[in-house]
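**Q** Provided herewith is a single structure, encoded as structure tokens, for subsequent inquiry.
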Ligand code: BG6
């Protein structure tokens, strides 16, 4: 592996503290940091290199629900060998001169930095200045090495702004240099959907309109917005997790088999689903949890959604007329994310007349917690009579006898970017297709329904599905419970 520098703009940001620094530690622990890798953090604050290392240590030892394991001294020391810090204002060109000099100096001291990955962990308002200066100081020039850019949501706030940002990006970088990160694509449980579907011959023939009645996707969290009011109140649930994570979940569950497992082929198939999605602005419900208006940094009369539910269709031959119901929200009854494929009840089912005889089969991709893939089937209740009972056939990650480790999505995606693999990153057209679908739903927000913390959202969300004679499926927390 060639030596290279990972340059993180905004190393003191929330994102860096919660996700990036822990992911780098995990990579160090697993030996995934290439020998010649240098990590350069940048932020406004002045810090000596010792203080910077102390900062890293403090971050790693701060309680973090996403990273709950012991910090080993020897791993931390290995990580420290790679750490550098350059301070300055990202909208000030002097900073880029300083960064360039620093990179040159490192190269002169045997740490070549011609290969570079820039990670934007900073406010989108600064992007234009960053790109302009990176260009001005030739930092994006790929003369004797590669230059890549990692960027996270929000990629715009609607289709128009996303297009603007994408064209701004393309002014300074080629598409094959841009790594748009949606951490859901790095989730083991999501990637496993592709292996489950396309690595086995027996399920795929059933994933279509002939066998499927409908699809449900739930992304529920039992906690509120915490201290993120400043960000969240401007965005709302639909744009926070609907436009990106949930649409990608749908794409993984319904895309056609790619012709090969390559970036281009996989991205193309995801894109086809996103472009085939039909928004139904009259079939969306928005909610806000009671007490939201008292949260820190929330507008007094905020109409921001902390919950949404909608119905949509995938307009292709495979899924024509199969409704997809999607919901997500904060302060709901349970933290759980899953996709459920509800199968049709066959016309000729033999045991129709028995109790449970009209229960459909469910295929659940449990993204988290109790991660796994679960098939709900009907079996015979042991005894003298013919009686049916629902039973489950489960694959549970945590029961995996090989005890593979579960990489954090950030660890996985940073490693992919180092290898130059864009398969699990979004390209410009995917992001734009997502906005093209979400904009009409977002624009249809005329009313926001209050719901109680600890519920499954407003009753209007129930009505949305019940008028189709279906019901939201209560996630079964006994699945894959160890
Ligand atoms: C983030 C959202 O992108 O995803 C958060 O901004 C949300 O509001 C989070 O809580 C959910 O991610 P995960 O991996 O915890 O399911």
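Numbers run from 1 along the shown chain.
Cβ coordinates come from backbone N, Cα and C, glycine included.
Sharing the features that TrEMBL gives for it:
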DOMAIN    7-192  domain 'Glucose-6-phosphate dehydrogenase NAD-binding'
BINDING   44, 153  NADP(+) binding site
BINDING   183, 187, 221, 240, 330  substrate binding site
DOMAIN    194-472  domain 'Glucose-6-phosphate dehydrogenase C-terminal'
ACT_SITE  245  active site, proton acceptor
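Give me the structural setting of these features: burial, nearby parts and distances.
**A** A coil conformation is recorded for residue 153 (NADP(+) binding site) in the three-state DSSP classification, outside any helix or strand. Annotation for residue 153 (NADP(+) binding site): spatial neighbours 181, 182, 243, 244, criterion Cβ-Cβ under 8 Å with sequence separation of six or more.
In the three-state DSSP reading, residue 240 (substrate binding site) counts as helix. Sequence-distant contacts of residue 240 (substrate binding site), defined by Cβ-Cβ distance under 8 angstroms and a gap of at least six in the same chain, are 232.
If you average pLDDT over the domain 'Glucose-6-phosphate dehydrogenase C-terminal' (194-472) in this model, you get 95.
In the three-state DSSP scheme, residue 245 (active site, proton acceptor) falls into the helix class. Around the Cβ of residue 245 (active site, proton acceptor), a 10 Å sphere holds 22 further Cβ atoms from the protein chains shown.
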**Q** Looking at the binding-site residues listed here (44, 183, 187, 221, 330), whose Cα lies nearest to that of residue 245 (active site, proton acceptor)?
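**A** Going through 44, 183, 187, 221, 330 one by one, the Cα closest to that of residue 245 (active site, proton acceptor) is 183.
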**Q** Rounded to whole angstrom, what's the largest C-alpha distance between any two of 183, 187, 221, 240, 330, listed as binding substrate?
**A** 20
**Q** Tell me which binding-site residues (44, 187, 330) have a Cβ under 6 A from ligand 1; sequence order is fine.
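**A** Among 44, 187, 330, near ligand 1: none.
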**Q** What does the structure give for the C-alpha distance between residue 330 (substrate binding site) and residue 44 (NADP(+) binding site)? Integer Å is fine.
**A** 33
**Q** For 44, 183, 187, 330, listed as binding-site residues, tell me which one has the smallest number of other Cβ atoms within 10 Å.
**A** 44
